[in-house]
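Copied over from TrEMBL, here are the features:
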BINDING   Gly12, Ile13, Asp14, Gly15, Ala16, Gly17, Lys18, Ser19  ATP binding site
DOMAIN    10-196  domain 'Thymidylate kinase-like'
Amino acid sequence: MLVNHGFITFEGIDGAGKSSHIEALAQWLRARGREVLLTREPGGTALAERLRELLLHQPMDALTESLLVFAARRDHLRQVIEPALARGTTVLCDRFTDATFAYQGGGRGFDGQVLVQLESWVQQGRQPDVTLWFDLPPAVAAQRRAAARAADRFESEDETFFTRVREGYAARAAAAPGRFIRIDALQPREAVWAQIAQSLEERGW
Ligand SMILES: Nc1ncnc2c1ncn2[C@@H]1O[C@H](COP(=O)(O)OP(=O)(O)O)[C@@H](O)[C@H]1O
Ligand SMILES: Cc1cn([C@H]2C[C@H](O)[C@@H](COP(=O)(O)OP(=O)(O)O)O2)c(=O)[nH]c1=O
């Protein structure tokens, strides 16, 4: 049997359908006897949730955005993610560093080399074991969002922004093909879930 560590991240442009599947995956893993922790970024600690509020609502430049998401991530890793992984708990995180490369790097056009430096300082080598990338065209995601909720500072961006974010995810996926699972998020919900479960089963989860 394959031995898996336990850090799974969910990624994709806003409205791709991540949030609709995180709880289902938690239940599926618990039914297989795992302890599971659900968390999110930016967020997951009291400090990081305060930084999230600023990030989602306060105007700022791309460097400030990048510093704040990594500050939130540092606190989250030290207080929540690393201790949980050390106890053998599986951590499901709604977004992680691929979002920074996609949104700040791709969307905002911020310097990827600086992001690589910040990633290395903050994470000390920690990477997700599996990343589920919910991929679909930005126009479809925008329709889903419009039907579902009011837009925050990122969700108010136009289609060209989300096209760059999507390209940012595609570049990260191409650079780490063993870690990424591309989910075809255009499919109906049941088919999306079936693809998630099948992909993880194939990898021995
Ligand atoms: N496969 C799907 N087909 C159609 N609509 C979907 C699908 N998955 C999710 N949705 C709907 O799209 C909207 C955005 O989904 P959500 O899970 O909040 O996306 P995200 O967390 O990626 O931003 C919600 O209204 C959700 O019910
Ligand atoms: C983690 C992270 C998120 N973000 C953005 C992407 C999202 O638009 C926003 C919040 O993510 P998310 O929790 O997915 O939003 P929602 O609760 O509305 O589904 O933060 C970044 O720009 N950089 C990052 O590093």
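For all residues, glycine too, the Cβ spot is worked out from N, Cα and C.
All features noted in TrEMBL, drawn onto the structure.
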{"residue": "Gly12", "record": "ATP binding site", "CB count, 10 Å": "24"}
{"residue": "Ile13", "record": "ATP binding site", "CB count, 10 Å": "31"}
{"residue": "Asp14", "record": "ATP binding site", "CB count, 10 Å": "22"}
{"residue": "Gly15", "record": "ATP binding site", "CB count, 10 Å": "24"}
{"residue": "Ala16", "record": "ATP binding site", "CB count, 10 Å": "27"}
{"residue": "Gly17", "record": "ATP binding site", "CB count, 10 Å": "20"}
{"residue": "Lys18", "record": "ATP binding site", "CB count, 10 Å": "22"}
{"residue": "Ser19", "record": "ATP binding site", "CB count, 10 Å": "14"}
Determine which residues of this chain, when Gly12, Ile13, Asp14, Gly15, Ala16, Gly17, Lys18, Ser19 are set aside, have a Cβ within 8 Å of the centroid of the ATP site's Cβ atoms, and list them as they appear in the sequence. Phe134, Leu136, Ala141, Arg144, Ala185
Filter the candidate list Ile13, Asp14, Ser19 of binding-site residues, keeping only entries whose CB is under 6 Å from an atom of ligand 1. Asp14, Ser19
Among Gly12, Ile13, Asp14, Gly15, Ala16, Gly17, which binding-site residues lie by ligand 2, judged by Cβ under 6 Å to any atom? Asp14
